[in-house]
């Protein structure tokens, strides 16, 4: 059975993005029931949090770009950059779960979700590492074999 690293990577990034969207949704759910949500920084206008909004945009867009580039690019340089990106996201997830343990009250359902996303990220690290180490020629032969059987 041929290993399709690029398909696995795109799938894992998709699961990760859905997970962080759900993490945000879980954080906002109390609002729909008339309950307050945790505020990390009180703001009076959207301009007060524009820096956070830009960071969040980048945090969501980078995996989407990674998925698109992974679908169309097989260069060794990109594979190395991509692996570094997956490691960065795993470190960010680990920091996020550690910091959320200090938020009062501790929302254990959020901790469970972030731990799940950390595991997805670690699987993404391993998959990206294996793809990075795969010789370019071997990957092209894999694609030719796949297209012959399609």
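Each Cβ is built from the backbone N, Cα and C atoms, and glycine gets one as well.
The transmembrane segment feature in TrEMBL is assigned to 12-32 (among others). The list of residues near the transmembrane segment (12-32) in space but at least 6 beyond its ends in sequence, with Cβ under 8 angstroms from a Cβ of it, reads 38, 59-60, 63-64, 66-67, 70, 89, 107, 109-110, 113-114, 116-117, 120-121, 123-124, 127.
The feature transmembrane segment is assigned by TrEMBL to 52-73 (among others).
Outside the transmembrane segment (80-99) by six or more residues, the chain places 9, 16, 59, 62-63, 66, 69-70, 111, 114-115, 117-118, 121-122, 124-125, 128-129, 131-132 with a CB less than 8 A from a CB of the stretch. According to TrEMBL, the feature transmembrane segment maps to 80-99 (among others).
Annotation comment: TrEMBL describes 111-132 (among others) as transmembrane segment.
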